[in-house]
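The region 'Disordered' feature in TrEMBL is assigned to 1-20. Taken from TrEMBL, the feature compositional bias 'Polar residues' covers 11-20. What TrEMBL lists as domain 'Glutathione synthase substrate-binding' is 231-337. Feature annotation from TrEMBL assigns substrate binding site to Gln245. Residues or ranges marked as ATP binding site in TrEMBL: Lys340, Lys396, Pro397, Gln398, Arg399, Glu400, Gly401, Gly402, Gly403, His404, Asn405, Tyr407. The annotation Mg(2+) binding site is assigned in TrEMBL to Glu400.
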Amino acid sequence: MPESLRGIIKPSTSQGSTSPALTRVAYEESLKAMASNTAVLRDCGAMLSALGIAVLPKSDSEPLKSAVLPVALLPRPFPASQFNEAWQLGSIIARLMDNIAVDPEWLVTSLKEVTEADDFTRRLVDICREVYIHHGRDHSKDIRLHLLRHDYLPTAICNRLLQVEVNTMAAGFAGMGTQVSAFHRMTASAALGDLSGLRLPDNKPIETFAAAVAKAVEAYNEKFGRQSRSICMVVDAPEDNECDQRFLETALLADHGISVHRRTMAELAKNAYIDEKTQLVFVPSLLDPERMVEISLFYFRTGYGPSQYLDDSHWDIRKRLEFSNAVMCPSIPQQLSGTKKVQQLWYSDPSVMTRFGLTNEEADMMRQHFAVQVDPSTAEETVAEAIKNPMAWVLKPQREGGGHNMYGDEL
């Protein structure tokens, strides 16, 4: 640990403590001292770089140039009760979304009005309808893998976390979350001394993600009598969040012996081979294009917005993959189950949660942690209130990936 990070403040002796970690005042003093110390900031930047907490440029002009992500210097004090409630909700929400995903007819019906106004959602729904309704594919019998991220808003008004959205596709920062936790353990240890009073929770989501992918690959091989040890990560090019994605790639290879083949939509549209009889999927090896590699699972880190489907060939390969026997993460129904409209229905229609397998107690628990979500087309009074008080509301389109919301005067 760099010497500059040690002895930033003198230990507080309030309430008989010899550790600054046990008082909120000492925490705030440590944070201010770190933020104003050039040597500390330099050392923290070096640690962040060493841990791979970085993003790449969005252009190909400087492909190897990276920038450190903005990160809090210390872990923030957080109520244990709220943390535990969010932890409990995770498995409940995942079960709800999986049950919704295996009911494509409900999804198509629920999203009807959205498809009339949003061409992107319409094309996803069209694929869902063709594959799972017209052709009768039973999604309940498919191997399904959910890699989710739940986004919460801490609030002092009701003293609980409020869920603002669940990400069903391309949920980022599992790798970064793991690394930031390691960074915070180092900085907290140096600045605050004894960590025993901090109760820092273990946080290694990238290991959980990798283990889940490995289980899905194992299930694929068992179901179809195969021996595939390869998955495909579908990505943008260039990809600014590549560092985060590479942590999963490393964990899969190191811990599970599974290789990751990164491909763009354009590359898959051009080179992917799907056997018409078996519906197995193969891609050419980058090192030896003559060798075809069987892909057991497609993990989409792109495909959640219209700009990522450059032409009809991209939509065509997405549909062809949906018909295949490779595991889709997410499948089209899984992706649609995470649309803003469907999540709004959880809040506005209490019967949705119990319809899809939640107990009344679980449904009540979820409702207690929902941020208010309404459909502007059916809530004139709320729209008028949002126009009058725009700082209290956010307008969210049917998009993932961030950067699409409207705030304040934009409303």
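Numbering starts at 1 and runs along the chain as displayed.
Yeah, the Cβs are placed from backbone N, Cα and C, and that goes for glycine too.
Here the features listed in TrEMBL are placed on the structure.
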{"residue": "Gln245", "record": "substrate binding site", "CB count, 10 Å": "20"}
{"residue": "Lys340", "record": "ATP binding site", "CB count, 10 Å": "17"}
{"residue": "Pro397", "record": "ATP binding site", "CB count, 10 Å": "12"}
{"residue": "Arg399", "record": "ATP binding site", "CB count, 10 Å": "17"}
{"residue": "Glu400", "record": "Mg(2+) binding site", "CB count, 10 Å": "19"}
{"residue": "Gly403", "record": "ATP binding site", "CB count, 10 Å": "6"}
{"residue": "Asn405", "record": "ATP binding site", "CB count, 10 Å": "12"}
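The residue listed as 'substrate binding site' and Arg399 (ATP binding site) are 21 Å apart (CA-CA, integer value).
With respect to their backbone Cα atoms, Asn405 (ATP binding site) and Gln245 (substrate binding site) stand 24 Å from each other. Within the model, the domain 'Glutathione synthase substrate-binding' (231-337) shows a mean pLDDT value of 98, rounded to a whole number. The helix, strand and coil residue counts that DSSP assigns across the domain 'Glutathione synthase substrate-binding' (231-337) are 43 helix, 26 strand, 38 coil.
Rounded to a whole value, the Cα-Cα separation of Pro397 (ATP binding site) and Gln245 (substrate binding site) is 26 Å.
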